[in-house]
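Student: Got a structure here, written out as structure tokens. Questions coming.
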Amino acid sequence: MSDAATRAEETSEGHSSSAIGLMVGAVGVCYGDIGTSPLYTLKEVFIGGYGVQANHDGVLGVLSLIFWSLVWVVSIKYVIFVLRADNQGEGGVMALSALARRAAAPFGRLQTFVVVAGLIGAALFYGDSMITPAISVLSAVEGLEIAFDGLEHWTVPLALIVLIGLFLIQKHGTARIGILFGPVMVLWFGALAALGVYGVIQQPEVLQAMNPVWAVRFFSSHPGIGVAILGATVLALTGAEALYADMGHFGRKPIARAWFLLVLPALVLNYFGQGATILSNAEAARNPFYLLAPGWALLPMVALSTLATVIASQAVISGAFSLTRQAIQLGYVPRMTIQHTSSHEQGQIYIGGVNWALMVGVVLLVLGFESSASLAAAYGVAVTGTMLITTLLMGVVIWRLWKWPLWLGVPFFCVMLAVDSLFFAANLPKVIQGGAFPVIAGIVIFILMSTWKRGRQLLVERLDEGSLPLSVFISSMRVQPPHRVQGTAVFLTARTDAVPHALLHNLLHNQVLHEQVVLLTVVNEDSPRVSPDRRFEVEAYGDGFFRVILHFGFMEEPDIPAALRLCHLNELDFSPMRTTYFLSRETVIPSKRIGMARWREGLFAFLLKNANGNLRYFNLPLNRVIELGTQVEI
């Protein structure tokens with residue numbers, strides 16, 4: 001986990017106030033999505049066209065399905081097991097993919113599968129990042145329709161105002177108001193629990209739903225729609241992936257404690273309270289969440305619901321920023337400008353391109369679907385797809401990293417896979433009912449990410465063709481030494497055994513070399529952070545030539561000047577006014593050579609042209625950089 005989270009969790013072992021503070025923070029960041037699911041889950045089950053009757057058996061059967069889904073998928077799978085699969089404390093589909101890829105290193109095909117699975121999981125997460133704000137805020141604002149007649153036409157405009165405002169403030173950061181997220185969400189879960197108790201007291205028989213017999217009986221008595229209902233009940237699990245993705249901020253224990261001590265009891269009570277309301281009045285199925293509340297509490301609950309959904313949306317947006325930074329470092333996404341919005345919290349970042357793309361997607365979803373009930377069909381595919389990818393990657397971790405015995409690992413993995421596959425299969429019919437959006441968004445994002453990754457590989461391969469071996473070049477410099485000028489020249493190169501093109505071009509045109517020539521390679525590791533003692537490798541070739549390899553984790557910012565200043569070697573001088581950085585700027589030309597389809601080559605050329613260059617990405621000083629261009633056919 002991050003250094004701050006590690007220190008905080010260690011401190012929490014001896015100080016209850018620190019432990020409570022971490023739990024409250026985890027509630028505000030990790031549980032917003034799953035915490036707002038009661039707004040729309042039961043409503044979708046009973047009015048979503050599945051044919052479930054709002055009678056005694058139907059209500060108890062659905063409640064039992066939701067209860068045991070929360071217990072198995074969230075409590076057992078995610079909280080108890082998946083949270084243990086941390087990549088040096090970091091979680092999320094990208095971190096898990098990097099961990100599984102490292103574990104699968106001896107198996108080429110398995111490693112390829114892990115990479116593809118990780119890309120699909122990340123692509124689905126971006127689709128989920130668009131749907132969550134739209135359905136959550138719409139669900140909250142729809143409470144006004146219960147409080148006041150004739151406000152149906154105002155639901156979409158009000159939701160758009162809230163959502164657009166949320167995206168507009170992202171550039172300025174949420175550090176100041178972020179401190180309120182935890183307390184507000186604690187209040188939200190307290191309200192969920194209180195409303196649930198209020199409903200359960202009126203119909204205590206709903207507590208029978210904790211008996212799994214009701215879920216089994218529901219399936220047996222509804223053979224035609226039993227599996228389809230899973231496509232709706234899975235809405236109660238939305239946000240389970242966020243627990244894992246945000247682990248680096250708080251650590252495993254605070255997230256787990258918050259779940260078992262507050263979030264799970266509040267969710268179960270509220271779902272059971274809604275079920276009690278439906279048992280008392282079948283008409284309440286049209287919006288059981290708001291109809292559970294007493295009349296005097298309706299408007300306060302609309303206001304609190306809106307706050308909770310905004311916080312949930314903020315957490316998802318921040319998660320998209322964080323995932324993008326990881327993907328950039330791991331080489332799956334073109335480099336983008338990353339702006340820090342807080343001087344105290346390293347994780348508070350803003351990526352403009354991602355923010356505006358999400359905003360456009362969210363606005364189109366709200367305008368296209370117009371209600372949370374319509375959006376619910378699109379939601380399940382992204383959620384269950386991501387859960388299935390996590391299970392597949394966990395299988396690799398259990399086998400290769402944890403080395404569980406087969407008698408334990410195989411049955412556990414098979415049960416996880418069967419449950420997630422059942423949920424995913426139940427949601428596949430939704431693709432033709434509105435669920436195509438996350439699938440299309442996922443396909444587009446997967447194509448972009450895989451094209452960028454493959455294009456970068458082809459680019460390096462083409463640059464390597466005809467490259468001059470470093471040993472040959474240094475030997476030739478000794479035979480015919482060029483004129484040397486004062487200072488240090490740093491040439492960035494992806495290869496550690498070949499001469500950079502920028503060095504050859506500089507020597508060809510300027511006929512000079514610096515006193516010190518550093519061939520620099522930056523390696524992005526599969527781990528989130530690299531310890532200072534592993535940051536750099538230095539090798540001296542003699543005659544003023546040096547090879548330096550810098551290592552960065554996928555959660556770190558590659559600041560080359562700062563890292564080079566840590567290279568403690570007497571012969572090297574990296575003082576700012578004596579160091580010049582030479583970069584190559586490649587222009588890709590699509591060709592008929594074997595590599596990628598022509599349209600993908602054109603797409604890669606476009607992405608490369610619009611990506612941030614090495615200058616910004618590596619934090620190089622503007623007045624000490626020389627860029628040399630070259631054209632490359634791929």
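Cβ coordinates are placed from backbone N, Cα and C, and glycine is handled just like the others.
Per Swiss-Prot, the feature transmembrane segment maps to 19-39, 62-82, 113-133, 150-170, 177-197, 225-245, 259-279, 291-311, 349-369, 379-399, 406-426, 431-451; the stated evidence is sequence analysis.
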Student: Please indicate, using numbers and ranges, the residues of the same chain that are 6 or more beyond the transmembrane segment (431-451) and have a C-beta under 8 Å from a C-beta there.
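Tutor: Long-range Cβ neighbours of the transmembrane segment (431-451): 116, 119-120, 122-124, 126-128, 130-131, 327, 332-333, 361, 365, 369, 374-375, 377-382, 385, 596, 600, 603-604, 607.
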Student: May I ask whether the transmembrane segment (62-82) has at least three C-beta pairs under 8 Å with the transmembrane segment (349-369), counting pairs 6 or more apart in sequence?
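Tutor: Since fewer than 3 Cβ pairs under 8 Å link them, the transmembrane segment (349-369) and the transmembrane segment (62-82) do not come into contact.
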Student: Quick one: find which recorded stretch in 225-245, 259-279, 379-399, 406-426 has the most Cβ pairs under 8 Å with the transmembrane segment (62-82).
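Tutor: Answer, by Cβ pair count: 225-245.
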Student: Under 8 angstroms for C-beta pairs, at least 3 of them, ignoring pairs fewer than 6 apart in sequence. Is the transmembrane segment (379-399) in contact with the transmembrane segment (291-311) by that rule?
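Tutor: Answer no, regions not in contact.
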Student: Using a Cβ cut-off of under 8 Å, list the residues of the same chain at least 6 residues beyond the transmembrane segment (113-133) that approach it.
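Tutor: For the transmembrane segment (113-133), the sequence-distant neighbours (Cβ-Cβ under 8 Å, at least 6 residues beyond its ends) are 33, 93-94, 96-98, 100-101, 104, 163, 166, 238-239, 241, 309, 312-313, 316-317, 319-320, 323, 327, 332, 358, 361-362, 365, 375, 378-379, 382-383, 385-386, 389-390, 392-393, 396, 437-439, 441-443, 445-446, 449-450, 453.
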